[in-house]
Amino acid sequence: RCVPPACSVWFNLHLHYCLCVKKEESLICDVFSLSSRMIEIQTQMSQRAVELLGLAEDQPCFLLDVGCGSGLSGDYISEEGHYWVGMDISSAMLDVAVEREVEGDLLLADVGHGIPFRPGTFDGCISISAVQWLCNADKKTHSPPKRLYRFFSTLYSALARGSRAVLQLYPENSEQLELITAQAMKAGFTGGMVVDYPNSAKAKKFFLCLFVGASGVLPKGLGAECTDGEESRQAKFTNERTRFKNAKGKSAKKSRDWILEKKERRRRQGKEVRADTKYTGRKRRPHF
């Protein structure tokens with residue numbers, strides 16, 4: 001039978017789209033698998049994530065790697081003597097992992113649909129640069145809050161009591177970070193955000209450190225040592241509402257918060273700044 005011209009055009013466009021997506025996905029896999037710099041960064045972040053898990057020494061554990069990709073994080077887990085299962089939504093990335101003959105088991109799955117394992121299966125979970133993608137609505141049926149809650153609630157169930165999940169992520173803004181942490185709290189987790197090198201634009205890294213069951217002591221971020229009299233810069237889960245004056249998460253200009261932030265920046269630059277008082281940022285009475 002002859003194919004109608006309209007159907008033929010649609011078929012050709014769809015085929016072209018699929019080939020382009022496949023080519024782009026393959027290109028990304030090549031970049032991640034061949035770039036020595038990428039491998040170095042991934043290994044460093046994996047090492048930090050496993051360190052934050054606080055696993056018992058000289059005891060092999062069973063870990064979950066969310067967004068395992070080509071298995072670079074799993075390589076470090078295996079080197080430490082642990083066993084692992086990796087989940088990823090990209091079949092091309094998992095194909096690279098199979099070609100590299102990683103030691104862990106691999107599962108093709110969308111973590112936004114949940115973690116399909118029995119309760120208490122894992123002794124810990126790590127994730128490198130993956131969780132923030134759940135904030136995107138790639139389809140009309142995708143609801144980021146629902147997908148995040150589904151992920152965190154099933155992850156909470158799949159982890160053994162007393163274990164941890166350490167999720168390294170790159171939040172686009174404060175609203176995205178608040179959405180992720182709020183859904184984690186709603187699912188039952190406790191913990192907070194560990195920020196390494198908070199004053200560096202390039203080396204700054206966010207690690208969401210979550211506890212299952214009893215709340216533990218939140219680890220300190222690297223490069224954020226506090227002296228006596230200074231408060232920690234690590235984010236913690238609290239019931240207080242954080243107020244932002246605009247969509248970018250910045251305080252309104254000339255407000256008290258804006259003035260305090262500006263004075264703090266000038267102090268870090270080594271400039272002379274007046275001490276903060278209760279009158280800082282207070283509006284003056286109008287003069288007639």
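We count from 1, first residue shown onward.
Glycine residues also receive a Cβ, built from the backbone N, Cα and C atoms like all the rest.
Per TrEMBL, the feature compositional bias 'Basic residues' maps to 244-253.
Tertiary proximity for the compositional bias 'Basic and acidic residues' (254-263) is limited to same-chain residues at least six positions away from its ends with a CB under 8 Å from its CB atoms, namely 245, 273-274, 276, 280-282. The compositional bias 'Basic and acidic residues' annotation in TrEMBL covers 254-263 (among others).
The compositional bias 'Basic and acidic residues' annotation in TrEMBL covers 270-279 (among others).
Per TrEMBL, domain 'Methyltransferase type 11' is recorded for 64-139. Broken down by DSSP into helix, strand and coil, the domain 'Methyltransferase type 11' (64-139) contains 25 helix, 20 strand, 31 coil.
Among the features that TrEMBL reports, domain '18S rRNA (guanine(1575)-N(7))-methyltransferase Bud23 C-terminal' is placed at 210-285.
Here TrEMBL flags 244-288 as region 'Disordered'.
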